[in-house]
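Visitor: Here's a structure for you.
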């Protein structure tokens, strides 16, 4: 399981980076989404995977007697997912506005910032 | 009661931004609330600073969960100072925004988002938990995205795409670094990590985590190979927004670097060398980049990058003298950079452009205003009694102590080029005989403003110039403050003991 997850995480990072290096705006955003999913999986993976042992103290005992799954990484991932959800939805609106304003989705053509504004 | 004082500056900003949402369409009310609220925020941060200065580091454990388990908020002298500076800059920019940002922008919740940004900054300075730091960074970047795109002009959107992409990438790298560090040490509390990380066996992986942190924060603080987003975006939003960005957003990256590298990743020769190289190259590239710019705000943007190099250099040397210089420079830089962008906005309002080619004879027509703008320029360059001069003494002394002549050369080069850039700017913008520009329709020139608006424009510049003058002429106090911060940073045990008293 760990091995498989490690491979998938690596693939997600690689794919995300590849997409971010493309010139199209849409692919850039897709790359960002993929790479942030990779980061979430990485937290999950590095928090050690323990199957079938929820961190609940069994009835009758005061402390954990056996190994248990660490709940912290899951809380972290949940927070990170919510944040990246917000950022990604903003990103999608932004590329739509960018497309309307600049009339292109080619990043190389987005370098006309020489005019002055407030 | 007194213990919770730490959270007041934080909660007050949150309260303000929520309150402002209730007055969504009433922009005049929003202006009043924002300015009065910012005054109260300055008062609260000053109270916190007073408390920390007199009674040492303050901590609050969220929901009373003891240190390594819950989220801790810590105010040591560095955090308290930065919170105070944030609220002062916040007040100045709030006052400035009320006059300079056009109503069309204010109508879309400008002030509310602005206070969310200040909330994020305050939180980032106060938190003692590394994942919590990530969350504050996200609050900062999402509010800055809104502020940078608000108005939706073409250049703004183009700048925003670059700003947005690199900042999100930085956050993801930061998150990756947290994942690696958590996998290694099993803790998120910074004080706990400071205890755990030096004991780890797997030094290679610790170095990898450190480099990931360096890249993540490096993008945010715009150091040498990672700064390209900054000059591409900082001149596009309204000058009030650029002022708060230029003054504080890159500095929060520097703050995070200082925290992480003075607390968790210590005494690593490899990392110190990397920081040194970055500092030298940042100084060079920022200064040279600024030299060729024709747009006032672009020149200032490159100067931000150049001056980040001073701070990174101080961090790389990591002696008490160097840290004192670094902290002093940080304090001076926040005030002066915020002021610079407000000045560029004023120039824009007077002439209707920021292009040096068309600007000119400001000194002839506005001698008093020009004199006012001259003082921050002197502070920036570091002409002796002014604020930029004192930290450089400490930095140069530290380089001589370590016989680090390359960094010494870079520091002198950076200062000299700053002088040249400002001198050229002065002769181009203030002395040169300017062209007669066509009068722009629908553009509110400074000359045509009401007196109240003029005051709102000038008052924040006078205020920050006053603070800069105090930093320069009251250098003894600031030096005392900086050396206290430096000794706290140099010896991290006081921080650890304050967060985890059981660890004594």
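Backbone N, Cα and C atoms are what each Cβ position is placed from, and that goes for glycine too.
TrEMBL: automatically predicted annotations, no manual curation.
Residues or ranges marked as domain 'NADH:quinone oxidoreductase/Mrp antiporter transmembrane' by TrEMBL: B:129-418. Feature annotation from TrEMBL assigns transmembrane segment to B:6-25, B:32-53, B:73-96, B:108-127, B:133-152, B:205-228, B:240-262, B:274-292, B:299-321, B:369-390, B:405-426, B:457-475 (among others).
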Visitor: So which residues does the transmembrane segment (B:6-25) touch in its own chain, when a touch means Cβ under 8 Å and the partner is 6 or more beyond its ends?
Guide: 33-34, 37, 40-41, 44-45, 47-48, 58-60, 73, 75, 83, 87, 107, 109, 111-116, 118-119, 122-123, 126
Visitor: What else in the chain is close to the transmembrane segment (B:108-127), if you only count residues 6 or more beyond its ends and a Cβ gap under 8 Å?
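Guide: Contacts with the transmembrane segment (B:108-127): 6, 9-10, 13-14, 16-18, 20-21, 24, 30-31, 33-34, 37, 41, 45, 71-75, 79, 82-83, 86-87, 90, 93-94, 97, 101, 133, 135-140, 143-144, 146-147, 150, 244, 248-249, 252, 255-256.
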Visitor: List, by number or range, the same-chain residues at least 6 past the transmembrane segment (B:73-96) whose CB is under 8 A from its CB atoms?
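Guide: Distant Cβ neighbours of the transmembrane segment (B:73-96) are 6-7, 9-10, 34-35, 37-39, 41-42, 44-46, 48-49, 51-53, 57-60, 62, 111, 114, 118, 121-122, 125-128, 190-191, 240, 243-244, 247-248, 251, 255, 258, 327, 330-331, 334-335, 338-339, 342, 345, 456-457, 459-461, 463-464, 467, 481, 484-485, 488-489, 494-495, 498-499.
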Visitor: What parts of the chain pack near the transmembrane segment (B:457-475), using Cβ distances under 8 Å and only residues at least 6 beyond its ends?
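Guide: Distant contacts of the transmembrane segment (B:457-475): 88-89, 91-93, 95-96, 99-100, 331-332, 335-336, 338-339, 342-343, 346, 349, 369, 372-373, 375-376, 379, 385-390, 446, 449.
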